[in-house]
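Structure first, then comments.
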Amino acid sequence: MLQAKVLQNFSSTRQCVRRVRMKNGNQRLNGSFRASADLLGHTDIKVIIFASPNQTYINDKIHTIVVQKQSVAQHIFLGSIILLVSLNYINMGCALDMNVIKETLRKPIGPVVGLTTQYGVMPSLSYLTAVYLLSQPYLQLGLFTFGCSPGGGASNMWTVLLGGNLNLSITMTFLSTVASLGFMPLWLFTVGKMFFNETAPRIPFRNILTGLVGIVIPVGVGLIMQRVCPKGTVFCKKILTPFSITMIVFIVIFGTWVNLYMFRLLTWEITLAAMVNVWTGFLIGLIAARVSGLSWPDAVTVMVETGIQNTGVSIVLLGVSLPKPDGDMSAIIPVTASVVTPIPLTVLWIVLKILRCLKGPAHKEAAHDKEDVRFLSAHNNEKSSYSG
């Protein structure tokens with residue numbers, strides 16, 4: 001009877017030795033063992049078979065990978081996010097002013113500044129951050145891919161909470177998503193070659209186009225509601241802020257729980273790189289907007305649109321471009337970035353709430369009432385002109 005010793009090396013700091021009984025028959029050795037893993041990644045299982053205590057019969061290793069299957073909770077989370085985001089886009093469509101959007105496109109200072117910071121500054125910033133703060137190639141690739149992604153849908157919700165220009169925000173999100181069809185391949189097939197090595201990046205065009213449809217249809221429903229149901233539109237506008245707050249809290253809490261297994265891969269380098277990339281993006285976006293002469297609401301909008309990236313696009317790109325588990329491991333960067341993103345925005349929101357409270361609640365309520373009256377009056381005048 002031959003003796004077998006199995007060395008499981010699932011991390012650089014832990015080794016496990018097991019003895020397995022082998023049967024020798026017809027020149028073939030048969031045996032089995034069960035190995036479990038705690039983390040995603042690659043490992044080698046070293047197998048040493050002894051013909052006798054002093055004679056090695058086989059000394060070999062088995063390359064093993066650990067992957068994560070998508071759970072039911074992840075499917076539920078994805079479905080609920082799609083539903084809630086669509087409902088919130090309907091609310092946003094009710095709050096949009098097409099005249100303001102047309103004026104924004106006639107003088108596109110905000111969109112031009114936003115696209116410049118989005119696809120000029122953020123990819124460059126993510127590249128430098130990846131090179132100087134991260135050592136693993138798959139992590140560098142994850143950060144760079146995240147930095148090349150278009151603006152995320154959460155930017156619209158944060159724009160509402162921070163008192164930004166929602167019309168500009170929706171316009172910039174749409175333009176950013178369209179522009180990503182050209183800018184993402186441009187960056188990834190040039191600078192990105194340093195990180196992809198032998199693997200060619202696969203741009204998730206279908207997901208990007210689906211994202212565009214996911215913006216246009218619900219926003220269009222909201223715009224139609226402005227025509228056919230103005231009183232319902234006023235209600236949707238009033239619940240826009242609390243609904244956005246609920247959405248953000250839900251995404252942070254439920255999203256963290258669903259992706260909890262990823263946080264076991266988290267290190268201080270990953271956290272620092274994510275914070276530097278996102279928070280510096282906010283700062284650069286705000287400075288660029290103010291230097292360009294934009295008002296505070298427009299500057300806040302550009303800031304938010306610059307710093308908030310579309311996490312889903314980057315995760316899908318990494319998943320389809322890299323073999324498992326590398327795609328899942330590199331996705332820790334976008335996930336971490338989405339977790340640290342709300343921190344400075346929440347601080348700013350609290351500061352703005354305090355400043356607004358100091359001005360008095362009467363002033364705020366009067367402003368809302370005037371806006372609703374102005375919306376209904378404009379709608380009635382428009383109906384009168386049509387009937388005339």
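Placed from the backbone N, Cα and C atoms, the Cβ positions cover glycine too.
Remember, it's a predicted structure, so these values are computed and weren't measured experimentally.
Taken verbatim from TrEMBL:
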type: TRANSMEM; residues: 72-92; note: transmembrane segment
type: TRANSMEM; residues: 112-134; note: transmembrane segment
type: TRANSMEM; residues: 173-196; note: transmembrane segment
type: TRANSMEM; residues: 208-228; note: transmembrane segment
type: TRANSMEM; residues: 240-263; note: transmembrane segment
type: TRANSMEM; residues: 270-289; note: transmembrane segment
type: TRANSMEM; residues: 331-352; note: transmembrane segment
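Taking residue pairs at least 6 apart in sequence, the transmembrane segment (173-196) and the transmembrane segment (208-228) share three or more C-beta contacts under 8 angstroms. Counted over residue pairs 6 or more apart, the CB atoms of the transmembrane segment (112-134) and the transmembrane segment (270-289) come under 8 Å in at least three pairs, which marks the two as touching. The transmembrane segment (270-289) shares more Cβ pairs under 8 Å with 331-352 than with any other stretch in the list 72-92, 173-196, 240-263, 331-352. Ranked by the number of CB pairs under 8 Å to the transmembrane segment (240-263), the listed stretches 72-92, 173-196, 331-352 are led by 72-92.
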